Amino acid sequence: MTKPENIGIHGIEVYFPSTYVAQEDLEKFDGVSQGKYTLGLGQTNMAFCGDREDIYSLSLNAVNNLMDKFNVDPNSIGRLEVGTETVIDKSKSVKTVLMDLFAKHGNTSIDGIDTINACYGGTSALHNALQWMESSYWDGRNAIVVAGDIAVYEKGPARPTGGAGVVAMLIGPNAPITFESGLRGVHMENVYDFYKPDMDSEYPRVDGKLSISCYFRAIDNCYNRYAKAFEKKYGKSFSLDQVDFALFHSPYNKLVQKSFGRMLYNDFLNNPNDSRYASLEAYKNVKPEDTYFDSVLEKALSAITKNDYATKVAPTTLLAKQLGNTYCGSTYSGLLSLLDEKSNDLVGKRVLTFSYGSGLAASAFSFKVEKPINHIVEKVDLKNRLAKRVRVEPEIFTEKLSLRETRHNLKNYVPSDETTNMFPGSFYLSSVDNAGIRKYDRTYSTSAVLGAFQRRQQISQSTIKSLNLFRATKSVLSILKK
């Protein structure tokens with residue numbers, strides 16, 4: 001078999017819940033100062049789920065929508081891997097649930113499984129897919145990588161940093177968005193900055209200050225190791241000057257702003273005599289670990305990077321601000337935000353990427369956009385879908401999270417949330433039996449059903465219009481469910 005070239009992303013899709021809470025509303029509800037969440041964290045809205053949605057249903061929606069929008073033949077997929085830390089079952093993987101989308105088409109020969117380490121699982125799943133395609137085990141088929149989570153926190157200062165969403169990516173050779181082979185910097189260590197030892201709760205245990213220290217230390221190491229790989233491959237020094245765009249794992253947007261400054265700080269340490277860094281002279285001989293919480297340095301870096309942040313990073317932040325932290329999906333929702341914002345202007349551009357998962361695992365790597373990607377942007381239709389969401393009052397948001405809390409790990413029940421506000425065609429949890437087996441159904445509208453049927457069967461709009469809508473809807477539901 002011919003060695004595949006230009007491996008990368010052919011299609012990308014995100015599924016997010018149809019409900020969200022505005023951070024400005026949460027500020028009032030929580031009785032905190034105006035701007036604490038919107039300015040202090042840099043967040044706008046936060047997606048959330050009630051008891052009708054879980055990581056299985058979100059992932060089913062992301063993969064099903066990806067396959068539908070990009071006309072993916074289920075039998076063309078040879079690897080399916082999921083990165084998530086939202087664990088429903090200590091044994092059964094999310095990937096096995098997703099197999100329902102393929103087995104009904106006769107494809108049960110699909111490699112891959114779930115990958116778990118906090119927010120890093122999606123990146124590990126992605127790298128596994130790339131390495132599979134580069135190996136002797138590759139069978140010529142494409143891969144789908146799934147990355148996402150439902151991020152919830154108990155009442156308190158961390159709750160506004162939650163979120164929900166799942167990204168699915170179609171990976172294959174000769175892609176418009178390619179990975180720069182051999183360019184990666186990795187850092188991993190054993191630390192308890194964020195972890196979930198209690199299987200009876202969705203809530204994590206978090207040492208916030210330690211986690212920020214770990215995040216910055218990981219950036220320092222990954223960035224410099226990526227720089228060395230770049231210099232080895234291209235024979236020239238690396239700095240942010242070689243980067244057209246930069247995207248980051250985003251627990252909250254303010255940390256992304258600081259992280260971009262952190263990369264420039266490393267450029268300064270690597271080239272302290274550059275006149276652009278004159279205001280940082282006092283930090284020339286200071287240990288990096290002593291600067292993590294230095295407010296004077298932070299302000300200086302913010303001033304130096306202000307313009308570059310606006311052009312290189314801000315275009316990646318839409319979904320992070322609108323959905324909140326999607327954990328494993330965070331980095332790739334940033335990529336999708338960038339595609340939506342810049343479209344074909346990205347052709348020929350390098351996108352430096354930093355992915356972080358507590359515990360910890362992190363890496364820096366890069367994409368290059370080799371071909372026009374406006375067709376991807378049009379199919380995802382991101383901003384229109386965001387605009388169709390339902391804004392929910394903080395009181396209702398709090399009730400929904402309380403409901404999730406009481407029903408976590410519960411058996412023998414039927415979820416009580418309404419499905420009327422869900423996006424048409426969405427999978428949702430319909431019941432959990434006394435053995436803990438979960439059942440799913442789908443929401444439908446006439447237009448959504450007929451639209452999906454038309455795409456699946458490749459029949460004309462005029463033919464659709466000639467059908468009796470009620471009869472057509474009833475008849476095609478059975479086809480779409482097969």
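Glycine residues also receive a Cβ, built from the backbone N, Cα and C atoms like all the rest.
A simple way to gauge crowding: the CB of GLU85 (active site, proton donor/acceptor) has 27 other CB atoms within 10 angstroms, across all the protein chains here. According to DSSP, GLU85 (active site, proton donor/acceptor) sits in a coil region rather than a helix or strand. Swiss-Prot lists GLU85 (among others) with the feature active site, proton donor/acceptor.
In sequence order, CYS119, SER330, THR331, PHE354, SER355, TYR356, GLY357 make up the list of same-chain residues 6 or more apart from HIS249 ((3S)-3-hydroxy-3-methylglutaryl-CoA binding site) whose Cβ falls under 8 Å from its Cβ. Summarising the annotation, Swiss-Prot assigns (3S)-3-hydroxy-3-methylglutaryl-CoA binding site to CYS119, THR161, SER211, HIS249, LYS258, ASN325, SER358 and lists similarity to another entry as the type of evidence.
As annotated by Swiss-Prot, active site, acyl-thioester intermediate applies to CYS119, with the evidence given as similarity to another entry. For the recorded site, CYS119 ((3S)-3-hydroxy-3-methylglutaryl-CoA binding site), the DSSP three-state label reads strand. All protein chains shown were included, and the count of other CB atoms within 10 Å of the CB of CYS119 ((3S)-3-hydroxy-3-methylglutaryl-CoA binding site) stands at 31.
If you look up Swiss-Prot, you'll see HIS249 (among others) marked as active site, proton donor/acceptor, on the strength of similarity to another entry. Secondary structure from DSSP puts HIS249 ((3S)-3-hydroxy-3-methylglutaryl-CoA binding site) in coil.
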Subject >> Greatest C-beta neighbour count within 10 angstroms, which of the binding-site residues THR161, SER211, SER358 >> reply: SER358
Subject >> Inter-residue C-alpha distance, GLU85 (active site, proton donor/acceptor) and SER211 ((3S)-3-hydroxy-3-methylglutaryl-CoA binding site) (nearest angstrom) >> reply: 17
Original post:
Once near-sequence residues are set aside, which residues in the chain of ASN325 ((3S)-3-hydroxy-3-methylglutaryl-CoA binding site), 6 or more away, have Cβ atoms under 8 Å from its Cβ?
Top reply: CYS119, ALA151, THR161, GLY162, GLY163, SER250, PRO251, TYR252
Subject >> Local backbone state of SER358 ((3S)-3-hydroxy-3-methylglutaryl-CoA binding site), from DSSP in three classes >> reply: coil
**OP:** Please state whether DSSP places ASN325 ((3S)-3-hydroxy-3-methylglutaryl-CoA binding site) in a helix, a strand or coil.
**Re:** coil
